[in-house]
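To start, the structure under review is shown below, and the notes come after it.
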Amino acid sequence: AEPIRVLVTGAAGQIAYSLLYSIAKGDVFGKEQPLILVLLDITPMMTVLEGVVMELQDCALPLLREVISTDKEEVAFKDLDIAILVGSMPRREGMERKDLLKANVKIFKSQGAALDKYAKKTVKVVVVGNPANTNCLIASKSAPSIPKENFSCLTRLDHNRAKSQIALKLGVTANDVKNVIIWGNHSSTQYPDVNHAKVNVKGKEVGVYEAIKDDSWLKGDFILTVQQRGAAVIKARKLSSAMSAAKAICDHVRDIWFGTPAGEFVSMGVISDGNSYGVPEDLLYSFPVVIKDKTWKFVEGLPINDFSREKMDLTAKELTEEKETAVEFLSSA
């Protein structure tokens, strides 16, 4: 097989350190697919990145044909099959969300333009760097020649967190839980929804509400735990989620590449155009999707109760405000 070109940005950082080995050893694109890994980071991180390259070489991985490390967009974005945009401006202490948006608009406008100019038109772009939804929207708007549907942002970590909370509560494995949904923004307004989720208990598939029999937990602590899990990890580890984020990126990209299992859907931030859930158009919003032939489709026709509606609207409102702020910065960036 011909090698595929995979870009990881922020490649000297924490998440990439957990991610690169999994990609390079075949966990994402399969054990037959050779790879060229392209690693992009900012100039001050190039020495660190050289160390990462050495380690990848020292892993002696059969699928890894070449590792390219660079601080230049024209090198990094050339002929890409997949771009995983992990690098972003992190939120510093005392920083308003608005300042964060402004700094990131600049980065993702530039990377979107580089995708437009240098990458394949079939490239799949996954945005991880926060605020992921809005960063992804800006990248997409800055790459008009690449279909909007090719851009997605990571809410799989939240999806996995929701699955594991249900599994822990019931004493089953995370694999026994399917079809949880993350609606909306990858922020504390996201809505983890288990109204349509199923769990395998002693060989029988039942609804999560039926299995747990504790509505107040499902509508209260469960949602809060998933929404605030990132902050809880930072508090405990003094660093943000890296291992779990890397695993979620692998899950997300593997599903784009190979499709979702029959009867299962996953959560992904995608363009909201043409959705049937009353979410405004032109937002990068997390929906339940199924994927086949590298193409995602909304899961249609799920009944939405009043509790869910309110939560879905709240996160849409936050995303609309973020978009307006970002688009303002975009015209001046």
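Cβ coordinates are placed from backbone N, Cα and C, and glycine is handled just like the others.
Just so you know, TrEMBL annotations never went through curation; they're auto-generated.
What TrEMBL lists as domain 'Lactate/malate dehydrogenase N-terminal' is 5-151. Under the heading NAD(+) binding site, TrEMBL lists Asp41, Asn104, Val128, Gly129, Asn130. Per TrEMBL, substrate binding site is recorded for Arg91, Arg97, Asn130, Arg161. Residues or ranges marked as domain 'Lactate/malate dehydrogenase C-terminal' in TrEMBL: 155-329. As annotated by TrEMBL, active site, proton acceptor applies to His186.
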Least surrounded among the recorded positions, given as Arg91, Arg161, His186, when other CB atoms within 10 Å are counted: Arg91
Site of maximum Cβ density within 10 Å, from binding-site residues Asn104, Asn130: Asn104
Using Cα positions only, nearest of the binding-site residues to the residue listed as 'active site, proton acceptor' (Arg91, Asn104, Gly129, Asn130, Arg161): Asn130
Distant-in-sequence Cβ neighbours of Arg97 (substrate binding site), under 8 Å, six or more positions away: Arg91, Pro131, Glu322
Those residues of the chain, 6+ apart, with a Cβ under 8 Å from that of Val128 (NAD(+) binding site): Ile15, Ile84, Leu85, Val86, Ser88, Cys153, Leu154, Ala245, Ile249
Helix, strand and coil counts within the domain 'Lactate/malate dehydrogenase N-terminal' (5-151) (DSSP): 66 helix, 27 strand, 54 coil
Local Cβ density at Asp41 (NAD(+) binding site) - other Cβ atoms counted within 10 Å: 23
Site extent for substrate, whole Å (max Cα pair distance, Arg91, Arg97, Asn130, Arg161): 24
